[in-house]
Amino acid sequence: MPHSYDYDAIVIGSGPGGEGAAMGLVKQGARVAVIERYQNVGGGCTHWGTIPSKALRHAVSRIIEFNQNPLYSDHSRLLRSSFADILNHADNVINQQTRMRQGFYERNHCEILQGNARFVDEHTLALDCPDGSVETLTAEKFVIACGSRPYHPTDVDFPHPRIYDSDSILSMHHEPRHVLIYGAGVIGCEYASIFRGMDVKVDLINTRDRLLAFLDQEMSDSLSYHFWNSGVVIRHNEEYEKIEGCDDGVIMHLKSGKKLKADCLLYANGRTGNTDSLALQNIGLETDSRGQLKVNSMYQTAQPHVYAVGDVIGYPSLASAAYDQGRIAAQALVKGEATAHLIEDIPTGIYTIPEISSVGKTEQQLTAMKVPYEVGRAQFKHLARAQIVGMNVGTLKILFHRETKEILGIHCFGERAAEIIHIGQAIMEQKGGGNTIEYFVNTTFNYPTMAEAYRVAALNGLNRLF
């Protein structure tokens, strides 16, 4: 007789990956429970990561826009807002997102269980509940979607009230005048924009030789220049020797011999998977040094009945991709295989001020591959819509094959870049000759719009051909 389990599948984590898996499973008729360690669903994305940081960024960018607009600004007086004020805006967005996502589970009759899960054996979980009790749950299959957390080196005193990571920064209760940010990845650069936009002095410590080296170099250089122009001090190729927490701030000793002091430190250098409490050794699974699990194309781990999605499997570590991974894993879990798969060119959105977004190859990659490409550019300052709304800083760059006209990569720097990129992405995904830069010349755009940048860039690129 077949074994009887409490559930067909248990999903550990309610972030984008867990939500995608849970919704995919219940839509296929599976009996599903979702385990969430916190009181509210949504995971790190909703409560400490994507949603609050982007809400902060939006509030700050609107303040900057107001202060720079000659129609509204009185140059003898600037509009200012406290960190607490803009955190309130983020809290409102978080609450809306939480209620909406809670509704998804309720409407689909998906059970939510609060507590910390750990494996007892291959088909059994122990759930440590908030009241101290322990429940035993069984399932035929599992999806691990427990996300990640900021990496904490053992020699950094994170309990110190002036030393923050990208989670605890959202609980800041003082108004800093000077911030040190260690780590110039996506999170570090986004918070550098936020704090500098609030007129806070920022020292950005980069352990590498340029910002966001995975980007097209022109985009990286544009961000570096914009930071320099706004007053952010960037220190490349630096590593800390020692970090001292003081009563009035933080002192950072760098291996190069420099010493820096500021009101507080945001440590934003790396993340680690939330797998250490799952007792994975009880089911024969091991993680790498970052707490991440290896999976196959269907998101199965080394144990075929255990799947993993989202940050816990590493690249690309994007909320958008995690949801799709969960949906694909759900299909594979129920049907034995998945017909869906992640798209080849996943767009990247970086919410600095201004935004950066890209999809496809960079100039550096195409040059190394010896692909005969050409470049088409549109400067935002030449677009009527950008002039109307005062968003003159920015550019759209299209890389395309000189002979076939196929679009190979699109890169955008400027306000609304993460939205603008999807127009080009839609054309890049077309098959059978549909992916061509000539589409943008032969179609009619609304006028005036930021989308018109595609027509301008396409004409600019095609005019370079001979």
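Placement of Cβ uses the backbone N, Cα and C atoms for every residue, glycine included.
What Swiss-Prot lists as FAD binding site is Glu36, Arg37, Tyr38, Gln39, Asn40, Val41, Gly42, Gly43, Gly44, Cys45. Under 8 Å, Cβ to Cβ, and six or more positions away along its own chain, Glu36 (FAD binding site) finds Gly13, Ser14, Gly18, Gly43, Ile112, Leu113, Gln114.
Secondary structure from DSSP puts Gly44 (FAD binding site) in a helix. Each of the binding-site residues Asn40, Gly42 was assessed for Cβ neighbours inside 10 Å, and the highest tally belongs to Gly42.
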